[in-house]
Protein chains: 2
Amino acid sequence: MTANKAYLDLEARFRRLSAIEGALAILGWDRSTMMPPGSADDRGEQTAALGVLAHEILSAPQVGDLLAGAEAAGGLDAWQSANLREMRRAWIHATALSPALVEAMARAATRCEMAWREARPKNDFASLKPHLQVVLDLVRETGQAKAAKLGVSTYDALLDQYEPDGRAERIDALFAELEAFLPDLLQRVLERQAARPAPLPLAGPFPVEAQRQLGIEMMRAVGFDFSKGRLDVSAHPFTGGTPDDVRLTTRYDEADFARALMGVLHETGHAMYEAGLPAAWRHQPVGRARGMALHESQSLLLEMQACRGLAFITFAAPRMRAAFAGTGAAWEADNVLQLYTVVQPGFIRVDADEVTYPLHVILRYRLERALIVGELALDDLPAAWNEGMQRGLGIRPPTDTVGCLQDIHWYDGALGYFPTYTMGALAAAQLFQAALRADADIEPGLARGDFVPLYRWLRVNVHEKGASAGTDDLLRATTGAPLGADAFRRHLERRYLQS
Amino acid sequence: MTANKAYLDLEARFRRLSAIEGALAILGWDRSTMMPPGSADDRGEQTAALGVLAHEILSAPQVGDLLAGAEAAGGLDAWQSANLREMRRAWIHATALSPALVEAMARAATRCEMAWREARPKNDFASLKPHLQVVLDLVRETGQAKAAKLGVSTYDALLDQYEPDGRAERIDALFAELEAFLPDLLQRVLERQAARPAPLPLAGPFPVEAQRQLGIEMMRAVGFDFSKGRLDVSAHPFTGGTPDDVRLTTRYDEADFARALMGVLHETGHAMYEAGLPAAWRHQPVGRARGMALHESQSLLLEMQACRGLAFITFAAPRMRAAFAGTGAAWEADNVLQLYTVVQPGFIRVDADEVTYPLHVILRYRLERALIVGELALDDLPAAWNEGMQRGLGIRPPTDTVGCLQDIHWYDGALGYFPTYTMGALAAAQLFQAALRADADIEPGLARGDFVPLYRWLRVNVHEKGASAGTDDLLRATTGAPLGADAFRRHLERRYLQS
């Protein structure tokens, strides 16, 4: 207990804020999973009212004084100091913008997203462009307002919303590292795969209920606590809710169970992070996930590093076969593993394998930065996209539908988000290799469906850190190095060139 | 549009309040239907925070001044005036109590309810008594505080929480009317039933999924709009959510489908009322249900008046048979009707038929009033209960488990609620008879599963009135008389003595 009264007052305010945000998270989950379609306006009223209340708590005139007072008074331990720092960050993001700008941004994003839903299937970028221009201008204004308060560049201010302390300079360096080896590595992987017989396909259909049961079985194996979470269905899978009430979703395709299963494992990785956040700091900013890069590292560590590896597939393949009463050689672990590690350049990011995925992200990152700094006009976006695909992946999208119209992010106002996907992939490789080094039982555990050793390490070294340290500091402490591309490169070489 | 600025300011505040209450309603539904068991504390934080925010909006220092200003300024139409009156009522209830009393009440009720869950199955009233005494004292204090503001008696102030403007004097008169004929009528019904062959039982089991589909089919027939509502499962059935997002629940018993089916119809009656409330006043106090008596009238009108009658059973019996692939004479409409109108005095209120139900309620009403005014000590409650059962229903509970421990209400702090059940039953008969008189197509409609004529009348005459008029005024306008027992008596005589 500290005698820093201003700090204690802030803790009480942020606790209240966390409860409202928790309520919003459950309402958001309900909207995507349970809400009848005609109730959207009603829900909109509720979430808008709660959003305003949350903003009022954070931007109350006293909060600025309390922050300054708490910082001046001192007497805080390391966690409290980190908490105060995260309070300051949340306050800056909340108060940097005028209410008019927040409202204009929300309205423009909603309108543009609706237009995008129509324009994407019609391959109609032209009709969408005016909407996107409005969004882009407002995002730039948002970035500039936050940049002034944070003392960083406009793009870095946008990035900071998703990846605290994330900087374009770091990302440029990381992505340059990737570009130095990835195109060549991809070429070698493609040649190697072409020289081998293709894996045998698994014959469906795969009934939804059997898929659901298999997903639940695998979630239990990983250690997901169903007394504090659920698995449901939504059009776009996500992990929502709160650390003590984690709500995962997936969607099922009866022709292909791997999409749902790997999707469930991906979301379970996110969920395990949330559930493992430091309980003592549950309703405080420092008790939250560090940022989107580490969050994505946890989903990719589980899905890509652990569950698309031979050890786990050795455990899972017989269970898959049992779930769907499969027969034949296609269900052997070796074949299943081969199926789950096919590399194939394609137009669609969300369908990409882990070798080509970063190339999709690098393209988007370069384009969105150019848009923000004004080096690229929207008129030139489709052509720039297609040329970038040609250069990076060797394929040219035949339409904007599978080109610059495919992702919702920009049309929804989310610029600065894309790089966190690949930062997460790099961190996942780095953390997984550190975990394997630290505990020799982790890999044998996966082969018997025992994730306890893996999560014992992740809990202590990642989850329970919350937001107490920056991404690089956390990685340095747990892996011996800040975020880099080495571990990712080793991972790809081992899995795709040496196995 | 009025120039009464204070009134318009109040409308904005109550709109915000309604959004928070809507969010709380969805979170409450989630808690009972979807929430994992380990997430209760987290949800408690969320609902407590939202409850405090709602209370702050309502009890803000400006609200009292705005109410006085709006009342003085005038210039309001009839609906606005009624809205202002309901705002004042909400404000009185919210501000009559000190925060310390509200908190003490909430804590005592939670503790007592938890003790009740243990004591009820153990038939252990003695261990519960100290907890109930604390609750009772705080309820009395609550009633006294509200009574001072409302200018009514302590019990009437408690009643006013559930039935606005409800008064014990009116209830005494109504219940005296009932007692004048009900015991004798019950005797004659029992003799008549004893003289007839018993109805044939329907043979189960009745699979849950078939029950669910049948429930949904019947809800659709009634006119429930699934684009703005859902049917789910909970331990204790209820209707929750909001008028634009109505969330019904039921529970299924594979040995007896009638419980769930009639339960679903009962809740659908509540739901149709909510959904039919005046859309133009959606987020204002006057746009809400009038009170619990009218709310219960809508569930009982559908379940008891319409759906346990020959017309509807003629439509429903073949559908029941089809749903469960039933065979034999038991599935004929006449037999089903007889099954659904068996009268049998029993210990348990929630299992009671519509003839004996009011006798359960009258007993509880008398006892809770005596408790509140101090004429009955808790020590004497079990004996008073058992004697009351003997006098009213001719049976004596062998244990308190099926006696004064059976209902949660008192242990949860809800005194003043019970009479609204029977006020609702009387209102249901009165409204249904008025509807049948007003539109000759209503009853033939029920026989073909067409509820449009019935709900056309109920929408205009009940639902769309919202809280614009008092219960008696509304009944006077739509049925020609204030709430009374005549229609209920005619209904019972027709159904149980003349059919």
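Any Cβ shown, glycine's included, is placed from N, Cα and C.
In TrEMBL, the Zn(2+) site is described by A:H266, A:H270, and among A:E254, A:E296 the residue recorded at this site is A:E296. Taking all protein chains in view, 26 other C-beta atoms sit within 10 angstroms of the C-beta of A:E267 (active site, proton donor/acceptor). A:E296 (Zn(2+) binding site) counts 25 other C-beta atoms within 10 Å of its own C-beta, drawing on all protein chains shown. For A:H266 (Zn(2+) binding site), the count of additional Cβ atoms within 10 Å of its Cβ stands at 23 [all protein chains shown]. Sequence-ordered, the extra residues of this chain that approach the Zn(2+) site, with Cβ no more than 8 Å from the Cβ center of A:H266, A:H270, A:E296, are A:T239, A:E267, A:G269, A:H295, A:Q298, A:S299, A:L300, A:L302, A:E303, A:G424. On a Cα basis, A:E267 (active site, proton donor/acceptor) lies 9 Å away from A:E296 (Zn(2+) binding site).
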